[in-house]
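For reference, Swiss-Prot has these:
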{"type": "CARBOHYD", "residues": "N71", "note": "N-linked glycosylation site"}
{"type": "CARBOHYD", "residues": "N120", "note": "N-linked glycosylation site"}
{"type": "CARBOHYD", "residues": "N125", "note": "N-linked glycosylation site"}
{"type": "CARBOHYD", "residues": "N211", "note": "N-linked glycosylation site"}
{"type": "CARBOHYD", "residues": "N308", "note": "N-linked glycosylation site"}
{"type": "CARBOHYD", "residues": "N391", "note": "N-linked glycosylation site"}
{"type": "CARBOHYD", "residues": "N554", "note": "N-linked glycosylation site"}
{"type": "CARBOHYD", "residues": "N611", "note": "N-linked glycosylation site"}
{"type": "CARBOHYD", "residues": "N702", "note": "N-linked glycosylation site"}
{"type": "CARBOHYD", "residues": "N706", "note": "N-linked glycosylation site"}
{"type": "CARBOHYD", "residues": "N971", "note": "N-linked glycosylation site"}
{"type": "REGION", "residues": "77-508", "note": "region 'Glycosyl hydrolase-1 1'"}
{"type": "TOPO_DOM", "residues": "1-996", "note": "topological domain 'Extracellular'"}
{"type": "TOPO_DOM", "residues": "1018-1044", "note": "topological domain 'Cytoplasmic'"}
Amino acid sequence: MKPGCAAGSPGNEWIFFSTDEITTRYRNTMSNGGLQRSVILSALILLRAVTGFSGDGRAIWSKNPNFTPVNESQLFLYDTFPKNFFWGIGTGALQVEGSWKKDGKGPSIWDHFIHTHLKNVSSTNGSSDSYIFLEKDLSALDFIGVSFYQFSISWPRLFPDGIVTVANAKGLQYYSTLLDALVLRNIEPIVTLYHWDLPLALQEKYGGWKNDTIIDIFNDYATYCFQMFGDRVKYWITIHNPYLVAWHGYGTGMHAPGEKGNLAAVYTVGHNLIKAHSKVWHNYNTHFRPHQKGWLSITLGSHWIEPNRSENTMDIFKCQQSMVSVLGWFANPIHGDGDYPEGMRKKLFSVLPIFSEAEKHEMRGTADFFAFSFGPNNFKPLNTMAKMGQNVSLNLREALNWIKLEYNNPRILIAENGWFTDSRVKTEDTTAIYMMKNFLSQVLQAIRLDEIRVFGYTAWSLLDGFEWQDAYTIRRGLFYVDFNSKQKERKPKSSAHYYKQIIRENGFSLKESTPDVQGQFPCDFSWGVTESVLKPESVASSPQFSDPHLYVWNATGNRLLHRVEGVRLKTRPAQCTDFVNIKKQLEMLARMKVTHYRFALDWASVLPTGNLSAVNRQALRYYRCVVSEGLKLGISAMVTLYYPTHAHLGLPEPLLHADGWLNPSTAEAFQAYAGLCFQELGDLVKLWITINEPNRLSDIYNRSGNDTYGAAHNLLVAHALAWRLYDRQFRPSQRGAVSLSLHADWAEPANPYADSHWRAAERFLQFEIAWFAEPLFKTGDYPAAMREYIASKHRRGLSSSALPRLTEAERRLLKGTVDFCALNHFTTRFVMHEQLAGSRYDSDRDIQFLQDITRLSSPTRLAVIPWGVRKLLRWVRRNYGDMDIYITASGIDDQALEDDRLRKYYLGKYLQEVLKAYLIDKVRIKGYYAFKLAEEKSKPRFGFFTSDFKAKSSIQFYNKVISSRGFPFENSSSRCSQTQENTECTVCLFLVQKKPLIFLGCCFFSTLVLLLSIAIFQRQKRRKFWKAKNLQHIPLKKGKRVVS
């Protein structure tokens, strides 16, 4: 099967839900663009937990305004089912009994239909032969530990011609033995009287269910069963899924008796089925309930449907009509008002029979509980469904809520639920596990959150068997049966183990993660943020201080600058403030309050020719400014030399045209480039990453596995050459550290009950991480497990790939060329084994991925599984020793432009697991770099800032974690002892941040002082002037002389 790929995550996210073609075909055809989309969408809708009134079902399509994308209980609820919850499993007689004409059994309409309509199927004798191997069925029931077993009685096995006269003794003995064995095991029997195997004689004589004579005959048959088995049976089902009996048996012709084209016959059959059920219920209620104390119902099946637009009333109306025409057709007369739904009566008045008032009264309330079937038979074939242009969905929880609102919150038994796998799947039915998990999760949420009264659940089915129109091309059993074997051994599938665990625990226990801890990271912990490639500004943004020429504007009236020749002005030296882009970077970093900033250089910009013949000094000056200006804010840089995000990004064009990383000379060119960067920036940079995610870059060279492995080899050599160069020439003076960062998602077996999946998960880690880690951290050579696995496929003719053979010199070159371990971790992958042929890297691994739709995930399908990062850190320590580890990129995409709650949830949970690794597991974790600073337009939203630099609320959350150094106890101090240098840097930080304001303030203050000084000076001068002038006008007294 060809995998599908969803791009947009830090690594391509492969999405798998199934391993067989039939499942994939149904998934892809359902729901106008894919059932998978509907399943994932429906898992994100929380239903309103309201007490409904009859007929209020359409309210279910209104979305809850209180829904939050990070409330995990709204996606998957870790909780238990109510005490004494009824756990069961079911089968149908025709599907598993076999022996279709043995011991006096009469033929059924399906026995005839198989011979006349189904190609390549001769009979049901190839089924599980439960009629012969009853003890093996009982052992299977014991293995799972169910509370009840739902099975059907074969009407023609008891009465070969359908008429209740003398019962077939062998048939009677078989069912009596089965019931006795169940009672002995404390397993409650739930017995279905009619599961589609009408005696052929009744079809030929009366026309089957089209003739209302069958009603009385069915009642006689039911009466006999009540008499013979009622002392041991407390739960009865009259008819299993009458909709399919009528619609496919008499409408599409897909089921026996194979009639089609007569719509009036379809609704006549449905009418008679309802009346037959009602008659049997009244019979039991009057004559048997008083002393047998049992309950009786009819199993009704349905699909579920979602509106194209939840806000569109017409789409909601169509969804309501779709449900009414299938489930309401039978539920409304029995569980509702005794009549068909009003919409059906108006639309189908010419073909829909009419209930008299007395019949309505008789129909109403003829079920002691609501028995509900929700499985693949209700969803296929799609062209026969009443979709009404809307989207089919597998949301069982919504269907249960609809029943609650339409029929006044009845007690509900899930009488059939499950999915199917391809007939080639044997015991490793991984898809079935996840479908069961999804369905059971929805039932649990319906009980706990929506207060729906579900009291039991029937997994379908116990055994592989005959699957109606699909015959033996699909399997639905929890136990695998080889139909061609003589002994028909029942082998438990993975789904049987899973269901057994669910029953034992009575629900879902949270085993994967431990409780949150309180504690702090060390004071020297690196709190960082990651950015991808920073494109340098080619020219300074502010050239006015560096251009020595004088210009005159509009000298000729053309509104242009004209240079004045012969005049040169004095310029100032170049400054980092010349680059406007850097200022924006610094503003964002200052708001992040991180201690470290990881960014990548653009190799192609620094060395356009790929060698040292043409060095772009302007680009180097730009990068030096980024680092130096960051240091002024107290933010250190972790610089990545090469950060490709696709095949050619960042690789100089001449190297790209020379086959890129397939050419060994590229490694030498990288060494020269690295040496230049160490020389120009190394005095300021203490943490270096040579290559970002070489284990993903090499995947791009995928014409063959040998291309992939060759590119990886050259990438390893390039890193080692750069590390050796730094160690030899620059480390003594610069005292930095160099490593490379690996994409390092964790892997879990998709099927924990399959050894092959456990091996596949470890193989994923070997091919993904150990592929590069083993040569550098440990042996100098590729992992032995990886080499042997590829060689074994080569020997079997499945692949022509081979890992390169390293020389002794190359092993010495590679070994130990890391100063720390740098990991980019985003999610956990669920891995399954699938043997693949072909000589490519993906095929060599024999791995496929499965997405668990019950888990919280991002828009790009990145699953939020926090405990995976802790497992990864422990795995690295266990395999490569106690070394310093930096998580150099970790994050999630979140569609929110402001309140990015998913990102806050992700950060909090993942940092909790990292803290556990530090405090409990003693992993030497040295830093965490959140991915990423700013998002890019038209790409998944991983950024703390939008593409137009608007801050999101996750910044404040990350700030708080950083300032607290984790998750401290109450009243504990988060302060670290600071040196004088740190204090001074704090002052520097304030000055740099407020530099424009301070400058403006100084100018304003100086101007104000100058104006005040002038004003005071002028005032004093005026006072002196007027004083002198006034003295001149003072008169002398007569007779007085002034004697000197």
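Positions of Cβ are set from backbone N, Cα and C atoms, glycine also.
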Greatest C-beta neighbour count within 10 angstroms, which of the glycosylation sites N308, N554: N308
Shortest C-alpha distance to N391 (N-linked glycosylation site) - which of the glycosylation sites N211, N308, N611, N706, N971: N308
Neighbour tally for N211 (N-linked glycosylation site), based on other Cβ positions within 10 Å of its Cβ: 16
Largest tally of Cβ atoms lying within 10 Å of a Cβ, found at which of the glycosylation sites N611, N702, N706: N706
N120, N391, N971 as glycosylation sites, winner by CB count within 10 A: N391
Per-residue pLDDT averaged over the topological domain 'Extracellular' (1-996), given as an integer: 90
Spatial neighbour of N702 (N-linked glycosylation site) that is closest, considering only the glycosylation sites N120, N211, N308, N554 and their CA atoms: N308
Pairwise CA distance, N308 (N-linked glycosylation site) versus N554 (N-linked glycosylation site), rounded so that it is a whole Å: 62
Rounded to the nearest Å - Cα separation of N120 (N-linked glycosylation site) and N211 (N-linked glycosylation site): 32
